[in-house]
2 protein chains.
Amino acid sequence: MTKWVYPFAKGQADGRADMKELLGGKGANLAEMCALGLPVPPGFTITTEVCTYFTEHEKTYPADLKDQVNAALARVEEDMSASFGGKGGDGLLLVSVRSGARASMPGMMDTVLNLGLNDETVEILARVSGDARFAYDSYRRFIQMYGDVVLGVDHHHFEDLLEDHKDERDLTLDTDLTADDWKILVERYKEKVADQLGQPFPQDPHDQLWGAVGAVFGSWMNQRAITYRRLHHIPADWGTAVNVQAMVFGNMGDTSATGVCFTRNPATGENLFYGEYLINAQGEDVVAGIRTPQPLTILEKKTANTELPAMEETMPETFAELDGVRHRLEQHYHDMQDMEFTVQEGRLWMLQTRTGKRTVKAALKIAVDMVDEGLIDESEAVRRLDPGQMEQLLHPMLDPNAPRTLLGQGLPASPGAASGRVVFNAEDAEAWSDRGEKVILVRIETSPEDIGGMHVAQGILTTRGGMTSHAAVVARGMGKPCVSGAGGITVDYAAKTLSALGEVVREGEIITLDGATGEIMVGRVPTIEPELSGDFSRLMDWVDAIKTMGVRANAETPLDAQTARNFGAEGIGLCRTEHMFFDKERIIHIREMILAANEADRRAALANLLPYQRRDFIELFKIMDGLPVTVRLLDPPLHEFLPHGAKDVADVAKALGVSDEAIEERAKSLHEINPMLGHRGCRLGITYPEIYEMQAQAIFEACAEIIQGGGKVTPEVMIPLIATKKEFSILKAVIDHAAAQVRAEKGVALDYMVGTMIELPRAALRAGEIAAGDDGAEFFSFGTNDLTQTTFGLSRDDAGRFIQIYREKAVIENDPFVTLDREGVGELVGIGVERGRAARPGMKTGICGEHGGDPASVMFCQSVGLDYVSCSPYRVPIARLAAAQAALAQRDAKEA
Amino acid sequence: MTKWVYPFAKGQADGRADMKELLGGKGANLAEMCALGLPVPPGFTITTEVCTYFTEHEKTYPADLKDQVNAALARVEEDMSASFGGKGGDGLLLVSVRSGARASMPGMMDTVLNLGLNDETVEILARVSGDARFAYDSYRRFIQMYGDVVLGVDHHHFEDLLEDHKDERDLTLDTDLTADDWKILVERYKEKVADQLGQPFPQDPHDQLWGAVGAVFGSWMNQRAITYRRLHHIPADWGTAVNVQAMVFGNMGDTSATGVCFTRNPATGENLFYGEYLINAQGEDVVAGIRTPQPLTILEKKTANTELPAMEETMPETFAELDGVRHRLEQHYHDMQDMEFTVQEGRLWMLQTRTGKRTVKAALKIAVDMVDEGLIDESEAVRRLDPGQMEQLLHPMLDPNAPRTLLGQGLPASPGAASGRVVFNAEDAEAWSDRGEKVILVRIETSPEDIGGMHVAQGILTTRGGMTSHAAVVARGMGKPCVSGAGGITVDYAAKTLSALGEVVREGEIITLDGATGEIMVGRVPTIEPELSGDFSRLMDWVDAIKTMGVRANAETPLDAQTARNFGAEGIGLCRTEHMFFDKERIIHIREMILAANEADRRAALANLLPYQRRDFIELFKIMDGLPVTVRLLDPPLHEFLPHGAKDVADVAKALGVSDEAIEERAKSLHEINPMLGHRGCRLGITYPEIYEMQAQAIFEACAEIIQGGGKVTPEVMIPLIATKKEFSILKAVIDHAAAQVRAEKGVALDYMVGTMIELPRAALRAGEIAAGDDGAEFFSFGTNDLTQTTFGLSRDDAGRFIQIYREKAVIENDPFVTLDREGVGELVGIGVERGRAARPGMKTGICGEHGGDPASVMFCQSVGLDYVSCSPYRVPIARLAAAQAALAQRDAKEA
């Protein structure tokens, strides 16, 4: 016989806290508290399996459910010395019927209180409580709730009747109504129900009970719940449990009360009891906000500077009992709890406990404190933090108490907050910045040409492009706040204005961006600086001790590299050399190279770039001081370096001493229909080997200088966009040749590796061949941005047009450019690792796409055995934490 | 002990015809002929393994080679009763030393004749032959050849000496020189060699022999041979063999002769002996073309209308013997042979036999005739034809005898030949065509907008784009000649001229295209029509009996569909519905749809398209008459349908009653950075379900009409660009819904399938999920064009920029858009088939990329078990032949 019903009463319970799947979160914790001997109103839980049965069997129940419910109900009656239906004479049992799923779904599901009241039992309640007004108020609340939730009679019908009655009698507040008023209204409510349904309000308490149970189970499949589940990735087949529990009343006079509390402060994490309560009230009254809740403790009262008496003062004994429960529960659960309680005529009843939600800041403090208190160990502390939220700790944030005027909202593309004067192009940004002004660069969208302006800006705002647009990616790399795709804002480059909501902001006026929320505000909003020492630093030490994957950063500027080291990066996983070319004094040489008519002229232009590249590498190597540095050779198509717009063209033409037409002609000839799939990456290296030759020379000459200065450096030279082994072996020879030349010229021993990005499906499939032999790749770095683009056939730059609809229609759960698609892209990564390592045992593998900083993706990287992840500098701590959690999850899975 | 040397002499040979890998083609066939008892000058073959040894061991030989050569040489001496070096007294053995690799490499390798002559043996030769002039002429030829080939003394030195001598003596022709003249020249030749090398010309015949052998082996690695091998995909490690053979002389007077012949006519295939010979000449004289060769047979003499006496007349007995050899060899080899022979003083010697090269026409006739003659069976006949060449038989071709003036050359993008008046845009093409003119459409490159003009044109010429450019793909689909990427030709749209080689062709002037060669000619060149009955039709019947895969066509117009059926297509594998939208009266509606502001307006525009689509499908279904028709729903991004250029925009704006700006604005908003990876395929269906709804309705209403007319039709509705199962299941529901509606409205039972193109790596990987369940795909069609683009990360439209360099640097062997990349793309196809069929046993799978018509790719399709290939109509016969060969190859492999 299947057990469908789990009773709890008198310190005994059939359920346990770890039975959430079967009993839901509320039911499991009620059973646990009961078994702990805490004062829980007796009751029972109908399991989630009944919900599944109910859904699958046209709203019917298993045959033996009724007997089990009746047996459990009898135990409650016995425990409460009261009768459901009031037949026994000595007491009346009323019950609450509440839903309780495995995951919390606040407000999504239905609840019925005071169940068991009818025309007869209301009189018993009046007699037992000695308060007819209370009894009839309870009855009319029950009819309204039951009518609404179970019978489908909309609550406005009841509210209208109440208002009419108040008008008739010239009454204002509910508290003005007497027992007789409620009696009259109870009759009218029942008439309304009979009128709406064509049959009377059910009087049999058992009918009422089954009606309510069916309504709760039915609510699992209502539209509100379905939508909520979809948004929160909760499977429909989990089902909800139903909790039937003896009613206790916090509204039976001044010795009764109800409240919610946290075992620690959920905002700051401080180990102080924290909560609110109301005297002579039911639970809904605390939530509804009609009466101002009072503080729980005297300390709170002082902090909040209120005159309202604390529970610690008004009910010192009950408070002490509650404080005891608080300590008991934390000791038992080893985590901060969020509890609900009711005091009925001086007696404390616990109605709920669950793990309390908290801010990131509080989560960090609680985790570290609990380690110090011996409640949890360091691994558990590491498990407790949400890496996705942690980024909030790393950036300045807006002062939550500061006033703000919202101008618009875009995507939260790169976290942090910043204020500055609006400028509309990169040149202006640099010019204003040179004058000492802080600026926000506002563009419709950004291109590599804007890098200089982005560097000097405090933050970036674009009106087009998604979370992985150029602006978003670069800003995250720089650790600058960015709001992208703010479609509601119109930019007029000519007039140098932006406008939204009828408001026009001109060049030079100040705006504030919140990159964590995507909000754009007029004027300056004060910010709060992050605090990275103390608890943060202690936690990160534990993280590093646990994680098994390395965490590197994607960085090319000294500033980024230094930031990354400060955040604990263990090397550079991706140095995009092309970013080194966009500087004003450099781009002219690369343009010269592009416009060159032959190899000799190309070489001459490249020779001018060599000193810059060498200097950049020397700086990077110095900052990284012996840690590995992966340098990716030139990747983007050459047309990205050409000027856009007549003025730019004219400037460049003048500087290079060629005609405007020559530049336009060249740009036209370089135009590509699908640049993502075009003449870029190693294809440039194959067609113009002199480019990679120069870059390799710069790398190795930089190494030589470091080594001659007594330093250590092991560059990992990375060839992008490999599709075939032959491409790799041709270019590896070019690099090896450059190394040999530098070695011979400078007389130093060079230690280096040559590897490739695996960013095309073909490269993943041919990984074995690409890794094999003396001319094979010595390391792989999975470029999951491009691998996602090619595996899905989806352009990052163009996906914005329909990805929103894809999410709405639930075609995809996550943006695959944010969280790695395990099933498709992930299989290719797995194949790449496996075949690569089969050909070259122990081969070093990593990931350098945007996914390197995404916790879910980091988990995947651990599962396929990558050696490291690499991400933008500001995501390094997040990746470290995610890597530690991934290591713990893997360890747990092995032990299981 | 390794056997390095394979002798043949006196009807006995150690080698055989099937030992080509070891003995090379020439050596293996010499051995075979010898063993057959045919008159072959005795000799021996040094194996290709020695070549490999030689290459790998710094030009040295295996230790025991010398002894084996000496032993073999002794057998030759014995057989010829002659002495190498003339020591024996009774006769002089001279030898030829020739290369002979596994594959024929005509003219690529070196040969030395008359080897063994020196100052002493020349006198013996004079005495034995009774002809001092012959002896010294032979000696000086030997010195020149050996000097050039072995010693590296350039032949111009010898030619200069000969010219000087002729001038001195006032002689004109070589035949004017006497024995004394040659004696003088022999001395001068030897002096020149000594002068150039600092040492005398080698006199020891054995030194000469080893010198020549080394030169032949060395020639395997010379630049000429390396280049040839690269162009013909011949691996370097095959090596060449060396054939040493007793010299026989066709230049010993009027009873001597030399010639080449074919067992059948290599141009027409007729079963007639065919060849040329020269009396008193050596082999080189026939090839050199100094003397006019004479016909072999009297019939040939008559056909060629020449007075030169036939061998059948001048040497009737020897001719009869040669004719006997001809029959013997054909009976033995079961194939047409290409032979070389020499007659020395009335005695016939066979110097070579090999499978004769032939025209496609001849190949077809010979194969069919040989089946009738019982020489080969039908399978063998099918094996004999090269599918790649067969396309020549299907199109009109230029009369090979007609004069022509070449204007330029491009890529042979679509076969066939056509003449017409030059026009420079699609509108002009249609206007001229309406006037009854035949036109050639000349564009820099074509776009979907040009389809109308391409349809009416006789042929298409573009100056940009490759073998898979828009023009090339569409033209092949239409079966029209196309020359693409003719970079040497300049088009001036404004002036309406094209110019090349200093010549200017104006609009309205006539040019001729040869799409099989890529040639462009001024004026009209007459063409010959193809002959598809008779032998062709018999062979194709055998093909159909053998092949196991179906062959379908990619077609959407009635003309294409009819062509495809005529060529034996077994259904339509890809009907690209968007091609149905480009017609003038239709494109306006699709533009209306694109410009629509909301769903209602979009539906209104689509409703206008519905009748056109329905009519198209009815026509297609009628032509296909019960055969399967795969209809792909709308695939390209919407911006492809928008007008380009101010005039077009204005026209469309006027027609639609909107402003020019509205259209430009919409075009701008639809612009994509990587349209290949953008908002297209099923992504359009997800965002605008009404489009696919209309298309499905049109398909099913067409079915209903066919069925109500008593016909049969089973459409296969294909959803393009699926990356996830969810996309598929959402859109399958849309299609099923449309079917149910039509079914209900028309009251007919509809039989149809819904499947998908697998054209993204993710779809191949997730094939199992996509095929599974009631909402899964019922068939797969591999769209290998896009699958290649995404797997390689390579845009077809942009690859032209560097693919040439990739081929030159041997990064890729074949253009992956022409021949399917087995290792990368092929693995994904294999995975797709396997996982799809695991989820849906027996699932129908096919291929509809350009690869469907490529023989090598068809072979691959057979190997992974596809049910059918689909290709452009004109490639259907090629695909059928390739499919039959693939089936045979698979059968052979299984039997082996």
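Here the Cβ of each residue, glycine as well, is placed from N, Cα and C on the backbone.
A quick note: this is a predicted structure, and the numbers were derived from the prediction, not measured.
The domain 'Pyruvate phosphate dikinase AMP/ATP-binding' feature in TrEMBL is assigned to A:63-372.
The feature domain 'PEP-utilising enzyme mobile' is assigned by TrEMBL to A:437-518.
According to its DSSP assignment, A:His470 (active site, tele-phosphohistidine intermediate) is helical. TrEMBL lists A:His470 with the feature active site, tele-phosphohistidine intermediate.
Annotation comment: TrEMBL describes A:533-886 as domain 'PEP-utilising enzyme C-terminal'.
Residues or ranges marked as substrate binding site by TrEMBL: A:Arg576, A:Arg632, A:Glu759, A:Gly783, A:Thr784, A:Asn785, A:Asp786. According to DSSP, A:Gly783 (substrate binding site) sits in a coil region rather than a helix or strand. The Cβ of A:Gly783 (substrate binding site) lies under 8 Å from the Cβ of A:Pro720, A:Met757, A:Ile758, A:Glu759, A:Cys848, A:Gly849, each on the same chain and at least six residues away in sequence.
Of all the Cβ atoms in the protein chains shown, 27 others lie within 10 Å of the Cβ of A:Glu759 (substrate binding site). According to TrEMBL, the Mg(2+) binding site annotation covers A:Glu759, A:Asp786.
According to its DSSP assignment, A:Cys848 (active site, proton donor) is coil. Feature annotation from TrEMBL assigns active site, proton donor to A:Cys848.
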Recorded positions in contact range of chain B, given that the Cβ distance is under 8 Å, out of A:Gly783, A:Asp786, A:Cys848: A:Asp786
Residue pair A:Asp786 (substrate binding site), A:His470 (active site, tele-phosphohistidine intermediate) - Cα distance, angstrom, rounded: 14
Between A:His470 (active site, tele-phosphohistidine intermediate) and A:Arg576 (substrate binding site): CA-CA distance (Å): 14
Distance from A:His470 (active site, tele-phosphohistidine intermediate) back to A:Arg632 (substrate binding site), taken between C-alpha atoms, in Å: 18
Count of other CB atoms lying within 10 Å of the CB belonging to A:Thr784 (substrate binding site): 30
The domain 'PEP-utilising enzyme mobile' (A:437-518): DSSP-derived helix, strand, coil residue counts: 18 helix, 28 strand, 36 coil
Cβ-based isolation winner (fewest other Cβ atoms within 10 Å) among the binding-site residues A:Arg576, A:Arg632: A:Arg576
Recorded substrate site residues A:Arg576, A:Arg632, A:Glu759, A:Gly783, A:Thr784, A:Asn785, A:Asp786, farthest C-alpha pair in Å: 15
Non-site residues, in chain order, whose CB comes within 8 A of the mean position of the CB atoms of A:Arg576, A:Arg632, A:Glu759, A:Gly783, A:Thr784, A:Asn785, A:Asp786 at substrate: A:Leu574, A:Asp635, A:Pro720, A:Met757, A:Ser781, A:Phe782, A:Leu787, A:Cys848, A:Gly849
Neighbour count (Cβ, 10 Å) for A:Asp786 (substrate binding site): 23
Cβ-Cβ distance under 8 Å to A:His470 (active site, tele-phosphohistidine intermediate), same chain, at least six residues away: A:Glu445, A:Thr446, A:Ser447, A:Pro448, A:Asp797
Surrounding CB atoms that lie within 10 Å of the CB of A:Cys848 (active site, proton donor), all protein chains: 28
PLDDT averaged over every residue in the domain 'Pyruvate phosphate dikinase AMP/ATP-binding' (A:63-372): 91
